Amino acid sequence: MILASLLTFATAALAFDCSDKELERYNFESIKGVHSYTTLKNTPPSQTNVTWNVGICQPISAIKDCPANSDICGVTSILRKDEKPVVSEVVSFKSDLQKAYESSDNGIKVIYKGANWGDVLVNAELNFQCDKDSQNNEFTLDQWDGTNLKLSMKTKAACITSKEDKKKEKHDNGESWGWFTWIFIFLVLFLSIYIIGGAWFQYNKGNAIDFQSALKEVVENFIELLKGLPSFGKEIIEKFTGRSNRGEYSAV
């Protein structure tokens, strides 16, 4: 069943945030970061480079010519041979600009309106289209006329996703092995303390000629203890099983 499109205006002035309730149905965490789209045009005697940067679930902060805390930032540079690039235009949609979300089964649009740019107000629309087979996660420029900016991206992140699927898609960062690692470390430490401490105790009691002999004796005792564990466990199981069977017999 196809859901009707919903248009929801953000009530709080926040950055493009993966935790926003309007984005909960999607998995933008999987494409979190700053994405860029660049066009290069020959404008003799120079070239004009226009780069649009979009911060998904994090503001733009590391790009030199972009204002801090921008969600979207466009930088136009004039390139001339043997000369440093000259920045001619910077268009910024700040993180505190109010946004609107237009969502559907086919994806979601994030809409920015009324960003100040010189004497005019400019608008932007990020159109994320659901494509379960897409691996590129790259923006394309649909429109920029000096007033309205439209960028689109075909991505799996824009497909409606359950919480269970989000957990499955998260990359293993090694945390799942943390407990096993710590248990192994503590076990090694415990055995080391047991063996060395036991050897030191035997040596101090005078039961061994030297510390090395005491250490060897403790290790041998420990090995014998390990060998006896299976039979000890078997005996415990047989006792419980035997009691259970006798109990059933008595009940009959």
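In case you wondered, yes, glycine gets a Cβ from its N, Cα and C as well.
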Swiss-Prot annotation, disulfide partner of C57 among C18, C66, C73: C18
Mapped DSSP class for C159 (disulfide bond), helix or strand or coil: coil
Minimum Cα separation from C159 (disulfide bond), reported as the residue among disulfide-bonded residues C18, C57, C66, C73 that achieves it: C18
Distance from C18 (disulfide bond) back to C73 (disulfide bond), taken between C-alpha atoms, in Å: 19
Distant-in-sequence Cβ neighbours of C130 (disulfide bond), under 8 Å, six or more positions away: D105, N106, G107, K154, T155, K156, A158, C159, I160
The one of C66, C73, C159 whose CB sees the fewest other CB atoms within 10 Å, among these disulfide-bonded residues: C159
